[in-house]
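Engineer: Dropping the structure in here first, questions after.
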Amino acid sequence: MTRAARHEHEYEYDVVVLGAGPVGENVVDRVRAAGLSTAVVEAELIGGECSYWACMPSKALLRPAIARSEARRVPGLRGHAYGPLDARDVLAHRDAVVGDWKDDGQAEWVESTGARLFRGHGRLLGPRRVVVEGPEGDRRVLTARHAVAVCTGTRAVLPELPGLPGARPWTSREATSSAEVPGRLVVVGGGVVGVEMATAWQALGSRVTLLVRGGGVLPRMEPFVGEHVLAALAERGADVRTGVTVSAVVRDGHTGPVSVVLEGGDRVEADEVLFATGRRPRTEDIGLETVGLEPGAWLPVDDSLRVAGHDWLYAVGDVNHRALMTHQGKYQARIAGAAIAARAAGDGSADPAAWGPHAATADHAAVPQVVFTDPEAASVGLTLAAAEAAGHRARAVDVAMASVAGAGLYAQGYRGRARLVVDLDRETVLGASFVGQGIGELLHSATIAVTGEVPIGRLWHAVPAFPTLSEVWLRLLEAYRDGADAP
Ligand SMILES: Cc1cc2nc3c(=O)[nH]c(=O)nc-3n(C[C@H](O)[C@H](O)[C@H](O)COP(=O)(O)OP(=O)(O)OC[C@H]3O[C@@H](n4cnc5c(N)ncnc54)[C@H](O)[C@@H]3O)c2cc1C
Ligand SMILES: NC(=O)c1ccc[n+]([C@@H]2O[C@H](COP(=O)([O-])OP(=O)(O)OC[C@H]3O[C@@H](n4cnc5c(N)ncnc54)[C@H](O)[C@@H]3O)[C@@H](O)[C@H]2O)c1
């Protein structure tokens with residue numbers, strides 16, 4: 001099927017994708033692979049938040065910090081790893097990783113798929129129609145024969161606080177793209193962005209104060225995970241304060257320092273303040289009102305990523321609020337693309353069954369996440385509390401990572417912990433959590449166990465190689481067999 005111009009500014013395609021972040025790109029890939037003509041609309045950079053202001057630059061900043069910390073625990077290297085990081089080199093590497101915020105390579109990739117790229121701001125204009133306002137004020141109307149996929153992602157939330165707008169706060173964008181290392185940085189928020197960026201800038205030389213409203217960090221993971229991450233941040237010199245609430249922010253003139261005022265009257269002075277306080281969907285100006293939906297709201301979907309009541313409208317990735325991570329959004333994109341193609345074929349091949357090709361089942365059961373702090377934190381599936389809240393008869397077993405030979409070889413004085421949450425009725429793994437150096441690469445084994453619903457009895461036959469960190473699986477199975485419950 002090829003593009004057919006109806007008149008100068010009106011075009012018709014099988015599928016229109018709104019937003020070319022990692023998720024939109026993957027929808028394009030799948031619907032093009034199915035032979036559907038496709039238009040994709042992008043207002044900023046092809047590759048989205050992930051490529052330029054989130055996953056990629058943040059990991060480019062964190063990798064040197066983590067490598068240095070690991071080297072400090074390896075005999076023979078220790079003495080060479082105590083100096084400061086070469087911040088200029090790290091920032092230059094970050095700039096290279098994001099392609100200096102140019103998207104030529106990714107634009108070429110989109111075009112290589114045969115999709116047509118429209119640059120500009122897209123908005124729905126009633127069912128199946130999208131209007132694109134180009135950079136020169138030009139308007140093009142795209143009609144979708146089969147589906148519109150909204151993949152517009154999220155932006156950072158800033159709380160409503162006195163003084164904040166005038167204080168030029170950092171959001172995740174500035175925290176991942178800054179060309180300078182601030183002398184003093186206050187980070188507000190103990191979620192993933194807060195702890196990753198506190199880790200990175202602390203290692204790059206900032207004096208970091210982390211302000212957390214609750215009792216700990218990473219509240220969606222098992223409590224011990226956040227405890228390890230927080231303790232390590234404090235040990236490295238970050239000023240970590242839990243149970244505090246920011247009540248105002250004051251910037252002294254245009255270039256002066258910023259004062260973060262806490263409830264109770266304490267003040268923390270810094271050069272920059274990062275608000276890592278969550279995300280909201282980029283749906284406030286995409287024409288949702290023209291199809292009876294609420295502007296600014298998340299877009300809930302069924303497991304084929306379709307919006308209820310609109311058989312042509314899909315919402316994929318961050319914007320549907322299911323799991324705000326690139327890999328999970330790309331998984332959804334593969335499923336949505338396949339579902340759109342199956343429905344377009346009209347041959348009844350669309351398959352709504354759980355774990356089938358057209359149902360994003362893992363969103364409910366097995367969402368993996370690695371937090372690239374030092375130590376790393378990783379989890380998949382349910383925590384013990386979430387398993388119990390969901391009505392499972394569950395048991396948690398914990399082991400210290402130091403109980404495997406591989407940990408002592410990986411790093412002297414290795415500290416970390418692992419947990420399995422087991423469904424006692426089915427004897428399968430509902431969830432797994434790890435904290436420790438190098439455990440990010442361990443997570444996928446747990447993801448396979450949870451997704452595959454592998455019985456504990458069979459896991460005994462999955463023998464981890466000696467002496468790897470993966471031997472922690474054996475210790476966990478032994479703890480389960482021997483009736484050792486988590487503390
Ligand atoms: C600091 C930070 C670090 C992160 N690190 C990780 C990580 O390590 N691993 C991980 O898995 N996840 C990470 N995430 C989350 C990850 O960035 C998101 O889950 C991911 O970017 C979501 O992809 P998306 O395509 O749904 O949205 P986005 O990446 O936000 O892309 C949406 C695209 O749509 C475009 N758009 C929006 N509205 C319109 C419109 N009206 N018209 C045209 N175009 C439009 C935007 O310009 C953008 O290009 C991180 C997030 C942050 C903030
Ligand atoms: N490695 C990764 O996978 C990775 C890395 C970064 C971000 N992400 C994703 O990006 C998303 C956004 O991350 P995030 O950290 O911005 O959001 P988040 O929702 O994970 O954490 C925000 C935190 O800020 C706190 N908060 C909210 N308002 C506050 C206020 N006024 N004062 C103090 N604290 C406040 C919340 O209680 C919460 O703990 C997450 O869903 C995460 O999955 C993933």
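Placement of Cβ uses the backbone N, Cα and C atoms for every residue, glycine included.
So TrEMBL has the following annotated:
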- 13-328: domain 'FAD/NAD(P)-binding' (DOMAIN)
- CYS50-CYS55: disulfide bond (DISULFID)
- LYS59, GLY122, ASP318: FAD binding site (BINDING)
- GLY189, GLY190, GLY191, VAL192, VAL193, GLY194, VAL195, GLU196, GLY278: NAD(+) binding site (BINDING)
- 367-473: domain 'Pyridine nucleotide-disulphide oxidoreductase dimerisation' (DOMAIN)
Engineer: Within 10 Å of the Cβ of VAL193 (NAD(+) binding site), how many other Cβ atoms can you find? Include all protein chains, please.
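Structural biologist: Its Cβ shell of radius 10 Å holds 24 other Cβ atoms.
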Engineer: How big is the Cα-to-Cα gap, in Å, between GLY191 (NAD(+) binding site) and ASP318 (FAD binding site)?
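Structural biologist: Between the Cα atoms of GLY191 (NAD(+) binding site) and ASP318 (FAD binding site), the distance comes to 16 Å.
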Engineer: Starting from the Cβ of GLY278 (NAD(+) binding site), draw a 10 Å sphere and report how many other Cβ atoms land inside it.
Structural biologist: 14
Engineer: Under a threshold of 6 Å between Cβ and any atom of ligand 2, which of the binding-site residues GLY189, VAL195, GLY278 are retained?
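Structural biologist: So the answer is GLY189, GLY278.
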Engineer: Determine which residues of the same chain, besides GLY189, GLY190, GLY191, VAL192, VAL193, GLY194, VAL195, GLU196, GLY278, have their CB within 8 A of the center of the CB atoms at the recorded NAD(+) site, and list them by sequence.
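Structural biologist: Along the chain, the qualifying residues are VAL187, MET197, VAL217, LEU218, ALA276.
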Engineer: Rounded to an integer, what is the Cα-Cα distance in Å between CYS55 (disulfide bond) and VAL195 (NAD(+) binding site)?
Structural biologist: 14
Engineer: Look at the recorded positions CYS50, VAL195 and tell me which residue has the greatest number of other C-beta atoms within 10 angstroms of its C-beta.
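Structural biologist: The most densely surrounded of these recorded positions is VAL195.
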Engineer: Under 8 Å Cβ-Cβ from GLY189 (NAD(+) binding site), six or more apart in the same chain: what's there?
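Structural biologist: GLY189 (NAD(+) binding site) has long-range Cβ partners LEU211, VAL212, ARG213, LEU274, PHE275, ALA276, THR277, GLY278.
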Engineer: How far is it from VAL195 (NAD(+) binding site) to LYS59 (FAD binding site), counting Cα to Cα, in Å?
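Structural biologist: A Cα-Cα distance of 13 Å.
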